[in-house]
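Comments concern the structure below.
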């Protein structure tokens, strides 16, 4: 087998006919500017060809079930292995997917509980064990031989009646004593029982002192008792009947209530199977309900003015119901909802119960008619309409008022009562899945089961332990197995898939990864790199697209693509060892690695104003422990901490949702907190995340940034367009008129090929240009609308520099490092980092008041050192205009340039959720228990760290005292 992967003539996207050789079975890092062509080489060329060749080796029948990748634009590749791609895409949007299910650990847990689990009665907590007569006798012989005992057989349990027939049958069978409701009687002296009261009747089978010489007699007595008691028997002291009885069962059931289970199966522990799922929530762990907080959208308004949408004066039918209610209960329909008595509000929302109310209805003829009936209530009315409607539009409209809450039946565990009451080492399956992975691993390391259970469990526990260990190795020890897959970040999802691949133990495979270090603290980086080298050492080729300095330094082979982005990239600037990259004059990466270029620390940090602070008190969502957060206004603040320490919960789920609801009038669910103060300092809050800017190929940077509207207006003002009477709508590819109707403005026609990949061919009418011939005849400075959409931002800026409405938006795209993007590039082809920067550009192009609160979550994703430098300039520009910028970030180059750093920790999950230190980067670097500070100290001048910053240490402490809780 060849020792090299030979690539000849790679021209995918912006690659410029690359010829290169990559060593197999090594760790290869591909780096370079954002948009330089790294992903085009790694994913769209190497991975695509490896995957395509493997799939094409399968039968035509098998191929129709697999998505076959498009053949990359390359002359020749040899030395490829079957390829596995691990990208930064959210794992699943299925609400049933959890960390446990996607790693398959949950499958092993189900098997473990089915094979060695100990079921217990949910009511009485007795183990459900079937015992033999010998086991029962042996147990009785261990009791106190000085005590007198009686053996009882339950005949009637908690049933109403006089039960005269039961006593007659017992008498006929020769029994002389019975116990009725806990009292002993001779069978002929039993009092008449109360007919309407529940009774328990037990036959006394034998009375004895436990001694070895009565073993045979006891065995016969037990057989009689079990036959009479339908498999149940109990032993009770004769002298003190208040003592706890010893219960026995020959069936797999509870000796008290006869609760039983069939044989345990793995399906019983699956929340995706009817056998195991909670019947109330169908295994989802949450139930949907119409939320009064969403139904009453304006509690400050009156019912007549629109407190509840659709039940005000504008809707005659529903308003006449409210008017009749007001008359019956004597409340004012013009009074605000908040001022109405609680019982009145409850009646309006949930109905009048059994109380009949006189309602006045308007007839079609304009008259009035009266009817007396109960009031249904607004919430039950919505529930009924949601249930009965067949209209998707009505259902979608009503869904706006629906919220979810933890299922009251299963408490969010998703499993039914039987599955929730099976134990291994005194822990149920739901109790295990809520443990952080680190703690779960510790549980299995110390798990000791005796006898046959231990023999069966040993192999299953080994598999579970290995898989949990892999998750710990990739820095995910803070996650829980019940965590929903759709709540994971892209980086977490990618590392979970990476852990699964290590678990698979494949050899001779080519792995292609996209920035696995995203969302990972520097402390966990070493473990991740250890994981990658372990994959390599198994005999695999590991190709990583990465910007992290540690990863680049640890690579066996480095490939630097550039020199610029987009059309200015696609070339190999340098390749080889770390030393070769650092020495290469054309390598921008080498310049940063060697220290010839660096991101500078600001000469002067902006001090916080203790009188202008945003104070958030008592934040306790997820793992936060009553955190008190203080954000200085008008500064660039970094939120740091190890993965899972609570950064996203504190900023995204608490601060942003709270500020957006208060300032922007949004209605996001807010994580729990005590109080907030200082929101009046801001007039707008903007969250810039990495979600896509559009989910269809029709979305693009021009439409998202709002540039397409002035563009279309400009083309409509061209003399030829005015002469033809064309409006701006003529130049939209989304509506009829100017677009090509053959492809409906897509420019491509989809041809389904069944077992081959779907083929998208250029429309043969417009030849991929989206517009009809008449529209394309309109030109501005020699370019038609399609030519403009095909331009890069950089070229378009030269063309439109005299048009302020367009130029301003183009300039901000250049500022955030997206000069290489095409204006009409499909939003679905943008990476998460590119999408985030398009959003940032849109915000920058708006006129800001200098009182905006910007929140960014890991904006350096996908960014090279050079791109980070440009991004920091943009964020400092926002800060200098008076805005407040909050960034959740692990990148040390960003953290060291911040004005203020708030470090959470000390660890992830349950061992995190506290603010360790708040202050300048120098203050954080000097903190002895801060993981961030430990790594940050290496980048700051030693004198600064020891002095805790450029200011007087006393002044620093005073500010920190004011700011920090």
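Backbone N, Cα and C atoms are what each Cβ position is placed from, and that goes for glycine too.
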Query raised in the report: Quick one: which of 686-712, 713-739, 740-766 does Swiss-Prot have down as zinc finger?
Result: 740-766
Report task. Tell me which range among 198-225, 226-253, 254-281 Swiss-Prot lists as zinc finger. Result -> 254-281
Query raised in the report: For residue 38 (ATP binding site), what is the secondary structure state per DSSP, taken as helix, strand or coil?
Result: helix
Query raised in the report: What kind of secondary structure is residue 641 (ATP binding site) part of, going by DSSP in three states?
Result: strand
Query raised in the report: Around residue 641 (ATP binding site), how many other CB atoms lie within 10 A of its CB?
Result: 27
Query raised in the report: Within 10 Å of the Cβ of residue 32 (ATP binding site), how many other Cβ atoms are there?
Result: 29
Report task. Over the span of the zinc finger (254-281), count residues by DSSP class, listing helix, strand and coil in order. Result -> 4 helix, 2 strand, 22 coil
